[in-house]
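Everything on this sheet refers to the single structure shown next.
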Amino acid sequence: MNQRAPLIIFALVMAAIPFIPGVPPFWIVLLNNIGLAALVAMGLVLLTGVGGLTSFGQAAFCGFGAYTTAVLTTAYGFSPWLTLPLSLLVSGIAAVLLGIVTVRLSGHYLPLGTIAWGIGLFYLFSKLEFLGRNDGISGIPPLSIGSFRMLDPGTIYFAIWVAVLVSALLTMNLLDSRTGRAIRALRRGHIAGEAFGVQTPRAKLLVFIYAAVLAGLSGWLYAHFQRAANPTPFGAQAGIEYLFIAVVGGAGYVWGAVLGAGIVVILKEILQSYLPYIFGGQSQLETIVFGILLVVLLQFAPTGVWPWLMSRLPIKSGRKTPDTSLPLAARERAPASAAVLLQIEKARKQFGGVIAVNDVSFDVRSREIVALIGPNGAGKSTTFNLITGVLTTTGGTISVLGHKVDNAPPQEVVKLGVARTFQHVKLVPDMTVLENVAIGAHLRGFAGAISSMFRLDRADEAKLLAEAARQIERVGLGDQIDQLAGSLSLGQQRIVEIARALCVDPLLLLLDEPAAGLRHMEKQRLAALLRQLRDGGMSVLLVEHDMGFVMDLADRVVVLDFGTKIAEGTPDAIKTNPDVIKAYLGATA
Amino acid sequence: MNTTIMLFLLQDGITNGAIYALLGLALVLVFAVTRVILIPQGEFVTYGALSYAMLATGQVPGTAKLAAAMGVVAFGLDLFDARRSLRLKRVLRAFALNIALPAMILALTYGLAGPKTPIGVNIALSLLIVAAIGLFLYRIAFQPIAHTSVLVLLIASVGCHLALQGLGLVFFGAEGLRGPALSNTALTIGPLRFTGQSLAVYGLTIAFIVALWLFFGFTLMGKALRATAVNRLGARLIGIRTTLSGQIAFLLASLIGAISGILIVPITTLYYDTGFLIGLKGFIAAIIGGLVSYPLTAIAALLVGSVEAFSSFYASNFKEVIVFTLILPVLVLRSLAAPAVEEEKD
């Protein structure tokens, strides 16, 4: 339980603050504001820092939360507690609608789109009659428990900080789970995750909704704290400020949101109260200083204050080693009689006028290692992408165990038991080896986001991590299991990719240049592993440039040149094939 | 609805749209070269417009001093970067660009500013001042982090916007300003009256679109700028000075912004914070244009301007809502049409 200790200490300190004699009431107001901002920023941490989706429009979701409760409590006499789920629901529904439109957008479109609808919604709030136009809605009833009404800042303080702590806990639980790994892999692109069955658009929408619901919660609390709602705090400026908070604190860290909110809210307060004394009565000076500080901060600490702080603390987070004895249900194997695992018939891929793969046909049978070789640009990786559904074919058919997969999405292909590695390593560098490998077992777990948040996924999760640990042990990286994937050598990262692919429990393993960057001994160990896998019933299709490695290992070799198959046969036959020699050496032998 | 009203609205929309087109072009330009989404583009507009308006009343705008101050910071940064190889020639060049140039602009502004200064001189001074600010803004805020992700650049850009907008309030006050028209000639066709001002807006917009299209499509420098955007390292390896590319992009963007500002300040009253909204409408056009296509951006800007004009007539309360939600259907179409391309981030 020592992982929970800092959280409990923090909660106790926060709970004690209002009872310290002599704490000015104004401090409590500040802490309330910090808590409200931290909730929104926490959503942004998940959305932007972890998921890589930038939103400038979170303030609008606060608006949905605040206005929902404002309208329902003042005009319809609802109890504030009854409006809490409704506020969250309205924010969530708004997020679904906006999310469907925006989350599929790549890179910079998303932030721009969020700025645009952030402003649009702000104007909507300030023009709608039933929301009170620019004046907003006042006279919102306070939160109350029985006859105890939370009228002053010192009492709603508890509601706000309980919300912050519970949200932080749930967010951290979510991140440390099967769904969390899928979310954390989003930032590095979608191909790797999808190759292991992650439904990327769904994962993106999930974090979008999650962030919006946290913002809605903040808005709901805000409305009952201020007892009024008007459009100003939900405008574009506020949306920008929330993102600023997340970046200052450390966009990738849940506690960064709380820290960032503290820094920014207090800094703003200091600037607002002292700058006029220094520079005379000029207004808005704090915006100038604020803007300049932001630019300066980015130049010195683009990752934020929290990681900088953590790297200076002597605390090392202890990690439990997974219990490798927990079994994970194996894939249902097709009857051994299925002789042909992968059948490629006249597969074709054109990019405009370039024919990358030109009517290539070959097959991979069970318990066989087939090597796909050819000079650079021969179409080997493109063939891999066609098989795994990353690219769609222009013509021809590809089938796995009799199922046609030539235009199936990657998530469907992996379900059939085809796992792959990538020529350019696609690991998440700031996740540990264990976590990276566990992504491979994504389809073999069942826990969803909600059960992860409430820690109901632990049995499922333990099995996934046990399987990941077993595969890491199997490829010989047991000593590196808790290191960050980005800290390994490139050769070791390729091996991690193999372990991740093995977590699928595949029938067919596609390896794209697995031996590149390995030393001699490591190559021998890899070859031994692949033979052992084959003898255990798996088939391997590999692309590789190291001829010694290929000829020694493969049962059969297929040679591509300029997208066309020029030879196929046993290693010995290929070695003496005149066409192959010509393709490699460029001259008639 | 009668035809005259429709024509009036259309004319109004096209005039505004032309301004949005100019800004959209500048945004596309800066993004294509530096990957910076230039939120402070709106500040270039207000700085240009309000400097011009202040000069017209014979006052020296604070922006001239800001340019000089930013030059000093840029000079300091240049010296710091070059501290290991501090050769005289290099120092002199940095001094000429960062200290001498803005000092000259400041001196010129003080020397020439007065109630009787001709309009042309005021325009030239405003453009010089804002161009210098644009140049130094890149040097100070973006050049040191030019290699980072789009997100970091975007947030830095927001920081610049906040600082510049706050400074705008200091320089120009909270009151709105209007500037004198560029020319008082007018042309009447049927029921429509074209002022010299609106004709200047159309002419300059078209000229810029054609010029940018030619520059990026057909000149070596233009292609070098585009290469920088795609791959900074690769561009450097083949000898393109990426820093120079960024400076040129910001110089052009600030010039375009200032020109747009000077074009509209005789038509509408501008406040220190008006630029943000105007710039954002340029953004909408730029996004519709996919941040890459100049002609598409220009057409989209005209559409944004027209939608704005018509919605201010029919539903003036919801004008901004309509304009900003215009972007949503476009984004939907874009997301459906665009293939899912893998991006290598960080």
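Including glycine, each Cβ sits where the backbone N, Cα and C put it.
Taken from TrEMBL, the feature domain 'ABC transporter' covers A:342-587. Here TrEMBL flags A:7-28, A:34-53, A:60-78, A:84-102, A:109-126, A:156-175, A:205-223, A:243-267, A:288-309 as transmembrane segment.
In the predicted model, the domain 'ABC transporter' (A:342-587) shows an average pLDDT of 88.
Within the same chain, residues 59, 61-62, 103, 110, 157, 160-161, 163-164, 167-168, 171, 174-175, 183-184, 186-188, 203-204, 207-208, 210-215, 217-218, 221-222, 225, 241-243, 245-246, 249-254, 256-258, 260-262, 264-266 sit at least 6 positions outside the transmembrane segment (A:34-53) and bring their C-beta atoms closer than 8 Å to a C-beta of that stretch.
Listed as Cβ neighbours of the transmembrane segment (A:60-78) (distance under 8 Å, sequence separation of 6 or more from its ends, same chain) are residues 40, 84, 86-88, 90-91, 94-95, 117-118, 121-122, 125, 130-131, 136-137, 139-141, 211-213, 215-220, 222-224, 228-229, 231, 233-234, 238-239. Proximity of distant same-chain residues to the transmembrane segment (A:7-28), defined by a Cβ-Cβ separation under 8 Å and at least 6 residues beyond the stretch ends, is recorded for 152-154, 157-158, 161, 165, 168-169. Counting same-chain residues at least six beyond the ends of the transmembrane segment (A:243-267), those with a Cβ under 8 angstroms from any Cβ of the stretch are 30, 33-35, 37-38, 40-42, 44-45, 48-50, 54-56, 58, 164, 168, 171-172, 175, 290, 293-294, 297-298, 303-310, 430.
Residues of the same chain lying 6 or more positions beyond the ends of the transmembrane segment (A:288-309) and with a Cβ under 8 Å from any Cβ of it are 244, 246-253, 255-256, 259-260, 263, 267-268, 271, 275.
Pairs of Cβ atoms less than 8 Å apart link the transmembrane segment (A:84-102) most often to A:205-223, out of A:109-126, A:156-175, A:205-223.
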